[in-house]
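Student: Copying in the features that TrEMBL gives for the protein in this structure:
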- 39-59: transmembrane segment (TRANSMEM)
- 66-89: transmembrane segment (TRANSMEM)
- 109-133: transmembrane segment (TRANSMEM)
- 145-167: transmembrane segment (TRANSMEM)
- 197-218: transmembrane segment (TRANSMEM)
- 254-271: transmembrane segment (TRANSMEM)
- 277-300: transmembrane segment (TRANSMEM)
- 312-335: transmembrane segment (TRANSMEM)
- 347-368: transmembrane segment (TRANSMEM)
Amino acid sequence: MFGWIALVATNSSMASTLVVNIISLLHPDYQFQRWHQFLVYLGITFIAVFINVFMHSLLPRINGLALIWSIAGFFIVSITLLACAAPDYATGEYVFTHFTNTTGWPDGIAWLLSLLQGGLGLTGFDAVAHMIEEIPNAATEGPKIMLFCQYIGISTGFLFLTAVLFASGGLQNAENITTSTAGPLLEIFYIATNSKVGAVCLLMFPLMCIVLAGTAVLTTSSRMVFAFARDGGLPASALWWKVHPTLGVPLNSIYLNLVIVIIFGCIFLGSTAAFNAIVASSVVALGLSYGIPVAINLAYGRSKLPERAFSLTPWLGWAANIIGLVYTIVTSVLFLFPPALPVTGTSMNYCVVAFAIVVIISLIQWVVDGRKTFKGPRITIGEHELED
């Protein structure tokens, strides 16, 4: 649950970063202040809240629009960049073998830390499990959807990044890209198109994708808070799983998400590494939630799995579990590291602080109340309540 709330904050953080980048590109004299991004972050978060509260009946159409916008943006941005940058492409050697490390960490550690962004792009696939009751032939289709999400994300992400890097112009532009106040992505768009307006227009595709995705992520996150509270897993659970009689949404759970996301955003006011901290919080929290059942499964020799319609061959199942668990353990530690050296109070990765607070609150809640009230998943069918 914490991972999904952090993912809401991550979407708002990414979108606010792109908005600030646009301002920096169009107004070179702009003096960035952390509270500027915090206000943009709040505005984007409130947009997601407004849609979830007052326009929830339109969410299926909005999600459909997001899919179309994402696919269209993939082709439009990739083709436009390559067309505008021709023939001044970066070399294949630069794109696939060149390594630039400005973090202060050794190259190996820097490479591992860079997995954070890739991990973010491929996380959240458990959303399928939270919607599983609404999927036809869920026993077979649910796992397939999870796998295809990864296949599509990896393939399109690789192709898009390849196009962007070829359009970057190569080594002669590397320093400008890494130091630009407009951010690396928008700077590459500007280099390729040689037009500030053109670069901003192209950036509208990823920006709107993030804003629309943030709305969907808040929907999932608020429903998870609702479900966990219904099971007695939160302090004052009865308050958080109420459904508003007129709006027909779990309004209090949405408000709880909003409050926590605002608290996350306060990192902007005290840290220059706020974006990295928020992203790390979502990726690590979700990664741990995936890794715990995998570890339990391996501890029992994969013998406790029930009969199921979708099953991997034994050797592939073992390999997937072991590789996934090792990846989770390694990255859960590394992603708590500061993104660059030397470390100061403002460049510290405060993800570890957020985690410590969540763990302490969770332990206190379990000891004081949770072990008495938590009942496990409940499903209501008609007037009957089933407990698993």
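Placement of Cβ uses the backbone N, Cα and C atoms for every residue, glycine included.
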Student: Where, among 39-59, 66-89, 254-271, 277-300, do we find the most CB pairs under 8 A to the transmembrane segment (197-218)?
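Tutor: Answer is 66-89, with the largest number of Cβ pairs below 8 Å.
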Student: Using a threshold of three or more Cβ pairs below 8 Å, and leaving out pairs closer than 6 in sequence, do the transmembrane segment (254-271) and the transmembrane segment (39-59) count as in contact?
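Tutor: Touching, yes - the transmembrane segment (39-59) and the transmembrane segment (254-271) meet the threshold of 3 or more Cβ pairs under 8 Å.
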Student: Between the transmembrane segment (347-368) and the transmembrane segment (254-271), are there at least three Cβ pairs closer than 8 Å, leaving out pairs fewer than 6 positions apart?
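Tutor: Counting Cβ pairs under 8 Å, at least 3, so yes.
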Student: By Cβ distance under 8 Å, which residues at least 6 away from the ends of the transmembrane segment (254-271) in the same chain are close to it?
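Tutor: Same-chain contacts beyond the flanks: 5-6, 8-9, 12-13, 34-35, 37-38, 41-42, 45-46, 49, 52-53, 218, 221-222, 225, 240, 277-278, 281, 346-348, 350, 354.
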Student: Determine which recorded stretch among 66-89, 145-167, 277-300 has the most C-beta pairs below 8 angstroms with the transmembrane segment (109-133).
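Tutor: The listed stretch sharing the most Cβ pairs with the transmembrane segment (109-133) is 277-300.
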